[in-house]
Each structure stands twice: as C-alpha cells, then as structure tokens.
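Pulled from TrEMBL, these are the features on record:
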type	residues	note
DOMAIN	4-243	domain 'Nucleoside phosphorylase'
BINDING	Ser11, Arg53, His54, Ser86, Ala87, Thr185	phosphate binding site
SITE	Ser166	site 'Important for substrate specificity'
BINDING	Met184, Asp208, Tyr209, Asp210	substrate binding site
SITE	Ala221	site 'Important for substrate specificity'
Amino acid sequence: MNAPIGIIGGSGLYRMEGLALDRAVAVQTPFGEPSGPVHLGALDGIPVAFLARHGEGHRFTPSEVNYRANIWALKSLGVERLISVSAVGSLQARHRPGELRLVSQFIDKTRHRKDTFFGGGLVAHVSFAEPTCTHLSGALLATGRALSLPVEGDALYVCMEGPAFSTRAESRLHQSWGADLIGMTQVTEARLAREAELCYACIALVTDYDAWREEEEGVDATSVLEVMHANVDKAQALLRQVVPQLSGAPRACACGEALKAALFTAPETVPAEARKRLDLLVSKYGYGMVD
Ligand SMILES: CSC[C@H]1O[C@H](OP(=O)(O)O)[C@H](O)[C@@H]1O
Ligand SMILES: Nc1ncnc2[nH]cnc12
C-alpha cells in the first residue's frame, strides 16, 4: 500500500484517531531503525501512514529519536506530504495553552543530532530559507479556521536539545528574540523532510508557558501531557478534515524538487556505498545505484 500522506505524532499523540489500520510495518532503513512500526491505514478512506515519534510508550528522548530512519521509512512507503504534531511551550502571552499554531520558521539550538542524510562521498546543500511547506501549512490554517479551531499561522519555533527544559534566563532570551514557541524536535525533522523532498508542516499544540513567567513555576512534563491530552482532539479534528482535501490534489510547491539544485558532488566521484545508501533520494538525479 502506498500512502502519500504521512503523520508523525509527538508527545501525547501515539495513535491516530479514526485510522482504520491495515497493517503495521517494521521498515529497515540504511540509517537504522525508526522509532517503531509505521501504521498504514485509511483515514476516512484516504491512505495514511502514521508513526509515533518517540516510539510506543514514549521511549526515546528528543536527542535519541532516529529522525533519519523515521523520515526514510515514511518516504519509502510513498509519503509525499508529511504533517507533524508537536507539543510546544509558548514564549509569548498571546499563544495560550490549548491553542494550535502552524510553524513557519525555526531557530536551531540542537547539538547532538544526525540531521542530514548526506555525507560519505555525496554532498548536498538544500535550501532551507522557508523550512516548512507554505502550501501544506496554508491548507492546515484554512481548514483549522473553517473548523473554528483556535489556530494561527507563521510561528517561529526555537528548537532546543533538551531533554531538560529551559532555565528562566534561557526562556527570557528566546522570548527577547521574538520567538513564539519552543520545542525539542521539529527543526531536525523539517531538515530531513526537505532533503527527502517531502512537503512538511508542523501543527504545534501549545501546552505551557515555558519558564519566563516569574509568577509561575516553570513547565514540567506531567503538565505538558495533561494539556496535550485535554486538547489533542483539536489536532486530530484538523487532520481528519485536511487529509481528504489533500488527497489527489497535486503538489503545487517546490518541495518535491528540493535536491535539484542541491546536489554538489561530481557524479563520477560518488562511491558505490553512498549511491546505494542514498538511492531512494537521488536515483532520479542520476546518482543511483551502480551494479
Ligand atoms: C513531554 S514535554 C517535552 C517533549 O514534548 C515535545 O515533544 P514533541 O515535539 O515530540 O511533541 C518536545 O519537543 C519534547 O520532546
Ligand atoms: N516548554 C517547552 N520546552 C520545550 N519543549 C516543550 N514541549 C512542550 N513544552 C515545551
């Protein structure tokens, strides 16, 4: 089964409501094992692939998640559009717990991640000025508004390494940068989705005010999960409404050609190992496997 639409569920979203499960596939990738099996099924009749980012039972920290294997697995199952759901802290009073935001920009503070498929003899530099797909994010925003959900677009997300939350000083610093949201996962996923030529959008569900509000205790994980559980139905409702709209509509963006101007290495120098490892991504550009 081919699933052109993929969903990655983050903290508090470990299964997709309404997904009529066909099968769970354990995908092997050149980058190791994904966080768990990919659940293939139909959402209101539309084929969808679902993966829990932190694994079943939430077993991987944001630094341990094998983002490369996760994106690779979804790509190998035919995913072209990938919608991620992520729990985030709010850095500005106008973003309130329980509300949804669509992410359009990132500041990357991660330090311990494998965040590219390339290297080992094949170099690519993808454009990342617009790190999420504006078309996919636009469809989510319009659909969220039509459903009267508390949703806004254009959010700036600081991606920290974690797993500990920010100090108050860091939280205020991020706020002073004009950032809207903070989380620990999205920029890594977005980079890899771009290299894999997937459309990528992030539905951020605000769960807390991080640590900048002097009068409050800083965020803790239990309260994040409580707020997520109380509000995850909003993200699920948005997904269920948008998936049928996307299905069958051709992609009108450049995400599917992200590698076209990015591949830098002279083809004749690319080692057979790199060709084999990256075949899924680059064979269409003449860098495929050699026998
Ligand atoms: C459980 S609080 C911190 C945790 O929640 C967010 O996860 P995700 O982005 O996968 O929804 C954040 O990034 C941290 O991983
Ligand atoms: N305040 C916060 N910081 C980092 N990641 C988060 N995920 C949810 N809330 C968060």
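Note: Cβ is positioned from N, Cα and C throughout, glycine not excepted.
Feature map: annotations from TrEMBL on the structure.
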residue : record                                     : Cβ neighbours (10 Å)
Ser11   : phosphate binding site                     : 24
Arg53   : phosphate binding site                     : 25
His54   : phosphate binding site                     : 22
Ser86   : phosphate binding site                     : 28
Ala87   : phosphate binding site                     : 25
Ser166  : site 'Important for substrate specificity' : 22
Met184  : substrate binding site                     : 26
Thr185  : phosphate binding site                     : 27
Tyr209  : substrate binding site                     : 19
Ala221  : site 'Important for substrate specificity' : 14
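If you take the Cα of Ser11 (phosphate binding site) and the Cα of Ala221 (site 'Important for substrate specificity'), they are about 10 angstrom apart, rounded to a whole number.
Asp208 (substrate binding site) and Ala87 (phosphate binding site) are 9 Å apart (CA-CA, integer value). When the binding-site residues Met184, Thr185, Tyr209, Asp210 are checked against ligand 2, Met184, Asp210 have a Cβ within less than 6 Å of one of its atoms. Proximity note: of the listed recorded positions (Arg53, Ser86, Ser166, Thr185), Ser166 have a CA within 10 Å of the CA of Asp210 (substrate binding site), given in sequence order. Candidate recorded positions: Arg53, Ser166, Thr185, Ala221. Nearest to Asp208 (substrate binding site) by Cα distance: Ala221.
Contact annotation for recorded positions (Arg53, Ser166, Met184, Tyr209, Asp210) versus ligand 1: Arg53, Met184, each with CB under 6 Å from a ligand atom. Around the Cβ of Asp210 (substrate binding site), 25 further Cβ atoms fall within 10 Å across all displayed protein chains. Looking only at the binding-site residues His54, Ser86, Thr185, Tyr209, the one with its C-alpha closest to Ser166 (site 'Important for substrate specificity') is Tyr209.
Here the Cα atom of Arg53 (phosphate binding site) is found 16 Å from that of Ala221 (site 'Important for substrate specificity').
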